[in-house]
Amino acid sequence: MLRTVTEVGRMNGGALSECIFCQIATSSTSTTLLHSDDKVVAFRDINPSAFRHYLVIPKQHIPTVKNLQRSSNDFSLVSHMLDVGKSLLHRDAPQSKHYRFGFHQPPFNSVDHLHLHCFALPCTPSWRFMKYLSLGPLGGFIEVEKLLERINPQIIHPSSM
């Protein structure tokens, strides 16, 4: 079941959820927001792996990419997350020639709240790129374009025929 940040905040006798990203989304932390709108917020990763490393999260609590459906709502949300990430990196790292966008898949996600990693490369230190490799059927990292293809309601997949 997906919950809004407000609903999550009401859990546990009215105390704010223990989800750190829900707390950030409601401005309940000292985290500096780079972007905020009615759907998402963006901020710097606390342990950056690249020249610029930002996270874009939905205000609605969605645990992982596994909770996304092939629907216009989810497709629109992830597309918006990507647009925000691209805009921030183009603003803050215009000299970068390479950008990368994607999500960790369970069991490799560190926080159970959907978050898009937005990188202006190179990775620093360079070995950190290994944290962001796809492991095929085991999960790992999924590029945002591949996820968008998977949840696009306009694309008919062979498995759904």
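Keep in mind that glycine also has a Cβ here, set from the backbone N, Cα and C atoms.
Curation does not apply to TrEMBL; its annotations are automatic.
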Ask   = Given 23-27, 48-52, 113-117, 143-147, which one carries TrEMBL's motif 'Histidine triad motif' label?
value = 113-117
Task = For the domain 'HIT' (20-129), give the DSSP counts of helix residues, strand residues and coil residues.
result = 34 helix, 34 strand, 42 coil
